[in-house]
Amino acid sequence: MKDASTRFPRRALTAAWMGPLAALSLAGCSGPVNNQQGYMPEQPVAFSHAVHAGQYGLDCQYCHVGAEKSRHAGVPSTSVCMNCHTQVKTDSPEIQKVAAAVAENKPLAWVRIHRLPDHAYFNHASHVGAGLDCQTCHGPVQEMVRVEQRERMTMGWCLDCHRDTAAKQVSAPPPSAPRAGELLALSSGAPAPEPLKAPRILQPPTDCSSCHR
Amino acid sequence: MSDPLPKYWQSLAERAGDPGALAQTQDEFAEPLPVGVAATPPDASSRRDFFKVMGLSAAAAMVACQRAPVQQIIPYVARPDEVTPGLALWYASTCNGCIARCGLLLKTRDGRPIKVEGNDEHPVSRGGVCAVGQASVLSLYDASRARYPTRGATRVSWTDLDADVTQALRKAAEAGKGIRVVLPWHLGPTAEAAVKRFLTAYPTARTVRDEALGELSAIADAHRVTHGVRAVPDYRFDKAAVIASFGADFLGTWVSPVAFTRQYAESRDAARRRTMSRHFQVEPVMTLTGAAADRRFVVAPSDVALVLADLVRRLAVKAGREVPGLASLPPPALDEASRAELADTLWAQRQDALVVAGGDDVATQVLANTANALLGNEGHAVSLADGTALDADALSLGTLLTELRAGSVGAVLFMGVNPVYSDPRGAELAALLKDVPLTLSTSDRRDETAVHVGLHAPESTALESWGDAEVRRGVVSLRQPAVAPLHETRSGVESLLQWAGAPQPHYDFLRARWEAEVFPRASGLGQGFIAFWDDALRRGVVTLGAAAAEAPAFREEGLAKALAGVARHAAEWELVLYPTVALRDGAPANNAWLQEVADPITKVTWGNPACIAPARAKALGLKDGDVVQVRAGSTTLSVPVLVQAGTHPSVIAVAVGYGRTQAGRVADGVGVNGYPLSAVVDGRARRTVPGVTVQATGEQQPLALTQTHHRLEGRPHVREAELAAFLANPRAGNEVHAGHGGGGHSLSLWSGHEYKGHRWALAVDLSACTGCSACVVSCQAENNIPSVGRDEVLRRRDMHWMRIDRYYQGDEANPQVVHQPMMCQHCENAPCETVCPVLATVHSSEGLNQQVYNRCVGTRYCANNCPTKVRRFNWFDYEHAEPLERMVLNPDVVVRSRGVMEKCSMCVQRIQESKAAANREGRPLRDGDIQTACQQSCPAKAIHFGDVNDPDSQVARLAKDGRAFRLLEELNIGSSITYLTKIRNTGSGSGT
Amino acid sequence: MSNQHLSPLREPLVTEPRTLGQLTEEICAPMERAPTWKWWVAFGIAVSVLGTGAGIVGYQVATGIGTWGLNKSVGWGFDITNFVFWVGIGHAGTLISAILFLFRQKWRTSINRAAEAMTLFAVMCAALYPIIHLGRPWLAFWVMPYPNDRGSLWVNFRSPLLWDVFAISTYFTVSAVFWYVGLIPDLATVRDRAKAGIRKAVFKVMSLGWTGSNRTWSRYETVYLLLAGLATPLVLSVHTIVSMDFATSVIPGWHTTIFPPYFVAGAVFSGFAMVLTLMIITRVVLGYEHLITLRHLENMTKIIIVTGGLVSLAYATEFFIAWYSGNPYERFAFMNRAFGPYAWAYWIMVTCNVVSPHLFWFKKIRTSPAAIFVLSLVINVGMWFERFVIIVTSLHRDFLPSSWAMYTPTMVEVGTFIGTFGLFFTLFLLFVRVLPIISIGEVKSVLNFAREGHGTQPHPPAKPVAEEPHPVAHRPVASAPLAIATRKDAPV
């Protein structure tokens with residue numbers, strides 16, 4: 001009993017924290033905390049990223065074409081699957097589902113896994129342009145047979161990375177494709193835009209309006 | 001803790017004595033809790049168990065409510081090449097909102113048009129769009145539009161309808177009965193060609209041109225008298241050093257307000273040109289143009305023509321010419337000095353002077369033409385050679401009525417007109433239509449005319465169909481659809497071609513005509529038609545190198561006859577029916593954005609009051625909202641009164657465009673319809689009606705005003721200077737600012753913000769701003785701002801992030817007016833930021849005052865503490881009642897829920913987008929890369945956005961200008977918005 | 001207590017001769033007998049008003065704050081007016097208890113309990129407003145700083161609203177503890193009088209094992225003194241901080257440094273008026289005229305004269321400073337108060353708060369419960385209008401004339417306000433029924449015989465005598481017999 005009484009204050013302290021914390025996290029449900037970490041729903045077609053991205057090493061952007069230029073990485077249109085699968089593995093029942101969808105001109109309804117609340121704006125292009133690997137946020141997708149949300153994807157998680165990147169003064173990779181201005185210049189004969197003097201040091205914003213607007 | 005084994009088993013494994021399961025029972029938590037409680041050794045304390053249970057149930061509750069409903073991603077089956085989800089696609093096009101036909105850029109997202117912007121490359125409109133043009137994107141999604149063709153009220157297929165129409169037309173033609181196509185004046189060259197094709201197919205067919213406001217036909221008919229051509233000249237306000245407008249609201253509603261506003265703003269850019277035009281306005285009611293004028297003369301409606309006649313007489317004397325038909329006219333009720341000043345100032349500039357007249361009276365227009373001819377400004381400030389010719393053979397509505405009464409008409413097709421609503425003889429027309437075998441309307445909804453016709457063949461909206469326009473000779477613009485027709489509608493041109501027996505898609509017809517007629521006019525291009533066509537599509541407009549044309553000469557022959565009708569109608573009351581900036585003739589009435597934008601002068605939303613002069617109101621004991629009965633002939637109208645400064649005492653002015661009955665959910669029953677009160681003189685409807693009676697009813701009907709106090713109370717929020725004073729001292733009128741040292745005594749409790757990169761700011765030129773409110777609607781469209789309706793505006797809860805404050809000063813019989821665009825000032829030391837308990841409004845590292853909706857709990861403390869009262873609160877969930885209308889929402893901006901504060905974000909989504917684009921392309925941002933919605937649409941280019949940390953940016957230069965001042969500098973809020981002093985050229989010599 | 005010296009100059013605080021037993025009996029009586037029909041009627045009304053108010057609040061929360069008459073310029077109206085009003089009312093209790101206790105004002109003893117209860121109930125009514133006036137009241141907990149997964153999204157410590165949250169919750173907590181601690185000896189008395197059953201069990205728990213021993217009393221007195229010391233600065237801080245909601249803003253009419261003392265004075269002013277209102281009703285209804293005597297009422301009217309004077313001075317100062325500052329916005333704001341569209345509210349305020357307290361200079365009025373009652377109501381009305389005037393007239397016409405607007409409350413706002421009265425009176429009526437509304441232990445100490453030290457002998461004094469103030473340290477001795485009186489075996 002002596003032992004218990006000496007330990008009591010510490011436990012009481014912990015307990016005192018627990019109570020309000022539990023209450024608040026309970027209330028927090030109605031708020032924007034929408035952590036779906038570990039979410040791994042079944043998809044209409046048993047598509048395996050482990051096979052496509054892992055085994056065959058397809059580039060992510062072969063299918064997710066928007067990632068480089070748009071807010072949305074995008075899910076490939078069904079016809080993209082058929083680029084290969086008119087020839088490859090046509091006898092698989094899963095592929096036949098896709099082929100049927102194309103034939104009926106009826107899109108497949110995939111279940112969305114990575115999802116931010118409606119009031120949070122995320123731009124894939126900015127992150128891909130800054131040289132981030134897809135895996136940084138999406139986890140080792142090339143190993144996933146069925147995709148799951150690996151990271152917390154909460155506001156704190158986003159901000160941690162933004163703050164960390166700013167602190168480390170990471171520089172962005174040079175733009176891979178010719179810049180739009182240069183393309184225009186090539187075709188029209190107008191002077192090309194000035195080249196960048198130094199590589200861009202990433203300054204990931206931490207302003208609220210970067211994501212909430 | 002004597003016995004660690006539980007008395008009750010929790011699982012089968014445990015019961016079977018599985019050691020792992022037993023070990024687990026040592027601790028109630030199978031997994032460690034994130035807060036680290038489970039890391040402490042287990043003990044027997046019951047208190048601890050209590051908290052464990054509590055924690056577990058909380059965790060369970062969290063898990064239970066953590067999963068949001070399943071969302072699906074539905075990709076394209078085959079993605080169109082040009083579409084990348086998340087990226088906007090822009091189409092260059094031409095506005096169809098009014099006769100001005102401004103150049104547009106239509107922004108589409110994922111196939112939906114969501115925003116209308118001005119096309120900077122259009123040489124006439126030059127990047128501006130008015131409120132009506134901005135709102136046309138909402139009209140596209142109007143749930144009250146007709147969705148399929150009908151016979152009576154029953155749905156028919158297009159094939160059936162076409163068969164019916166063709167058969168009836170043939171029958172009418174064979175019987176020698178007239179076929180009448182009632183059209184607006186301006187259709188565009190291709191549509192006119194389709195009309196011609198139709199007329200050729202049916203020999204008895206004739207066009208009838210109807211125009212609710214009658215302004216264009218008055219101008220065209222006056223030119224037929226004075227120049228022998230039914231045409232509208234090209235007015236060039238940028239070339240005018242003196243402008244005399246007789247009731248022409250050229251900045252608001254007259255002919256081509258966007259283009260004129262730009263020209264006007266340029267001619268009055270005193271800072272750049274070191275001179276500015278002087279603008280006289282002679283009018284009975286305050287218009288947007290009158291509000292901008294340097295000198296405004298308030299005269300009775302029937303005196304406007306007399307003042308103009310007097311001007312012509314004086315100019316004739318100066319020019320040493322004789323003008324017939326003026327001798328007998330009585331002198332106007334305007335003092336001699338003013339009349340002399342007007343004539344002298346105009347004569348001094350002659351070629352660079354411009355006289356324009358508004359209204360639907362041909363005689364007044366004839367006088368204006370005569371004045372211009374006497375000044376000899378053809379080819380300078382006015383150019384008939386560059387103008388547009390109108391249908392010379394068209395009949396008038398009066399003629400049509402005569403024919404209908406005679407029973408000689410076999411078919412009437414209404415295309416894009418609504419005369420039953422907009423003409424005083426509408427009721428008679430509706431009755432006469434019953435006896436016509438074929439009556440048809442192509443209106444986009446079953447409107448007041450369409451409910452009286454047999455067949456309804458709904459036309460696609462301008463955003464869904466092709467078209468073209470030539471608003472100035474040689475400037476041909478193209479209208480291309482931004483979306484496939486949402487409903488079973490068809491373009492009017494296609495219908496006409498179908499009925500003419502030459503069915504052809506609109507696109508093919510248009511392209512063929514361009515190849516045959518437009519392309520040959522384009523000289524020196526050195527490219528094939530396909531390249532020309534692609535370029536035209538991309539730019540939306542082509543400028544043809546037109547050879548200078550000879551303008552028809554001025555003729556005096558018809559003058560005396562044309563002026564015979566000019567006389568003074570001394571009456572106790574004269575009714576003036578005028579169009580508003582938002583609703584114009586009433587065609588776009590079923591548009592909540594337009595109903596809710598406050599009239600720039602009256603500040604009334606959702607309705608049309610009767611404006612009367614303050615002196616008259618006082619004499620009659622009337623105040624705002626008192627309902628009066630206006631009687632013209634046998635027609636009466638009950639309408640609430642608004643005491644409007646600057647109205648002539650004999651005038652009662654009612655806006656047209658309201659009182660729709662068949663426009664749809666939004667417009668029906670809003671305001672009163674003034675058109676039936678119009679007079680009919682010589683077969684023409686006239687919107688100025690002398691001799692009406694006005695009677696108070698004792699009833700009250702509150703007016704939904706967005707601003708109820710109209711004077712500045714001596715506060716220096718708006719500063720102005722006279723041109724002469726400004727030229728002598730660039731800080732004229734802005735001396736207070738100097739006192740504050742342009743930022744002033746900046747003692748602050750806070751250490752201040754540091755901006756390492758950009759610092760965004762706006763500059764607003766009060767000299768350029770006319771108050772046209774295009775920016776207000778543009779902002780509303782861009783930022784998903786809800787329309788709240790009349791009741792909420794009555795409660796002073798309008799939601800606009802951007803508003804235009806209008807203040808009067810001086811004599812209320814004829815006050816001076818200033819407009820001040822007001823948006824969030826993005827203060828450096830923002831009062832709102834300190835008071836929010838939850839940090840829902842904070843300062844960004846780029847100087848923006850950010851409102852974080854999802855953090856806001858809605859204390860409204862920030863709005864209370866906002867000295868400019870620009871914050872807007874979501875009192876309710878302002879839902880879009882019609883799902884279709886949600887299509888207009890901008891996916892880059894969140895839709896705010898009830899209970900949160902919102903306000904101008906300086907279009908932060910545009911900033912982000914441009915920054916991301918620049919980063920992607922590896923280039924720095926340039927000044928002008930980012931345009932806010934208000935800036936983009938501003939016809940006067942009064943708003944400038946940019947980075948004040950970039951010393952070369954326009955906004956940084958303007959911030960240091962002598963005219964620059966900020967609101968409430970003495971509060972040390974450090975506003976990011978720079979206002980520039982308003983410069984007037986009244987000629988009074990001294991600045992204030 | 002033979003060494004105690006009695007002053008013939010001081011009037012007795014309890015005017016009727018009572019023995020300790022009689023007093024206990026008398027104060028406990030309302031709790032132990034069945035409620036009268038009067039109580040039922042009053043309670044019925046209060047509960048139905050509360051129910052209606054709750055329904056209205058429910059409707060408002062479900063539909064949106066737009067059901068109130070607020071607009072883009074006037075973001076606060078009835079809500080914050082009532083909030084400040086109730087917080088003001090909630091001032092007097094702790095003031096009477098703590099400050100008067102520290103100043104050894106014995107006359108507080110028969111009113112402090114009820115006044116403290118009033119404080120708690122008023123603060124509860126007040127605390128309702130900051131929550132229901134939110135656009136999203138279900139997120140009210142965001143004003144609490146707590147660890148979260150939003151990148152450490154914290155609260156804004158610069159915001160006076162946040163200070164308010166802390167000030168009011170602290171004030172409420174300390175007031176509640178102070179009240180409860182003061183209740184403990186009486187709870188024990190009730191426990192001891194109760195027969196076995198729920199009542200006994202509840203009071204047993206609530207009285208925390210009070211034995212009435214000398215040591216208990218000694219500790220109790222120390223704790224009570226400490227709590228009084230702790231509560232006193234809070235009385236000042238609460239309204240100081242409430243006033244900062246306005247004072248730290250930039251709005252003319254709000255932005256002024258006089259607000260903290262002005263608000264505290266106003267709060268004491270209104271709080272005392274409310275105490276008077278309630279006490280006058282209570283003493284009549286429960287027949288406590290000898291415990292809550294005219295002297296009590298008179299003392300309170302004197303405080304009202306003083307605080308009323310302070311408030312008047314503040315009004316005058318505001319006007320003077322507005323003129324003296326030369327700030328045109330400030331000048332306009334005050335001219336607008338007095339002569340603008342809300343001038344009626346301003347002049348009601350002036351009449352009630354500046355003019356009416358001066359009637360208390362007349363002894364006749366000061367000693368007429370009816371007159372005091374009417375005037376206390378008048379002052380409450382006046383103080384409500386003071387808040388209304390400050391909030392609404394400052395907001396409705398501020399810097400930009402384009403945004404000037406009028407504010408008219410809706411039935412929902414009025415209903416909510418009336419509903420808070422329902423809440424207040426429901427709680428107060430329950431309090432009257434379940435707890436001793438006069439501090440038995442403390443009142444006994446001001447009984448004449450107690451001061452004379454005659455122990456257990458009843459001694460109706462022939463002439464009024466008053467007590468000599470004595471150090472608190474002596475209290476346990478003086479009150480020792482009281483402890484005996486509360487014991488089960490005591491002859492009561």
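Glycine too: its Cβ is placed from the backbone N, Cα and C atoms.
Straight from TrEMBL, the features:
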type	residues	note
TRANSMEM	C:39-63	transmembrane segment
TRANSMEM	C:83-103	transmembrane segment
TRANSMEM	C:115-141	transmembrane segment
TRANSMEM	C:161-183	transmembrane segment
TRANSMEM	C:223-242	transmembrane segment
TRANSMEM	C:262-282	transmembrane segment
TRANSMEM	C:303-324	transmembrane segment
TRANSMEM	C:344-362	transmembrane segment
TRANSMEM	C:369-394	transmembrane segment
TRANSMEM	C:414-435	transmembrane segment
REGION	C:454-479	region 'Disordered'
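Sequence-distant contacts of the transmembrane segment (C:115-141) (same chain, six or more residues past either end, CB-CB distance under 8 Å): 57, 60-61, 64-65, 76, 79-80, 82-87, 89-94, 96-97, 161, 164-165, 168-169, 171-172, 175-176, 178-179, 182, 271, 274-275, 278-279, 416, 420-421, 423-424, 427-428, 431, 435, 437. Segment contact is absent for the transmembrane segment (C:369-394) and the transmembrane segment (C:414-435), given fewer than three CB pairs below 8 angstroms at sequence separation of 6 or more. Most Cβ pairs under 8 A with the transmembrane segment (C:83-103) among the ranges C:39-63, C:161-183, C:303-324, C:414-435 are made by C:161-183. Against the transmembrane segment (C:303-324), stretch C:262-282 has more CB pairs under 8 A than any other of C:161-183, C:262-282, C:344-362, C:414-435. Between the transmembrane segment (C:414-435) and the transmembrane segment (C:39-63), the number of CB pairs under 8 angstroms, six or more residues apart, is three or more, so the stretches are in contact. Counted over residue pairs separated by six or more positions, the transmembrane segment (C:161-183) shares fewer than 3 Cβ pairs under 8 angstroms with the transmembrane segment (C:39-63), which leaves the two as not touching.
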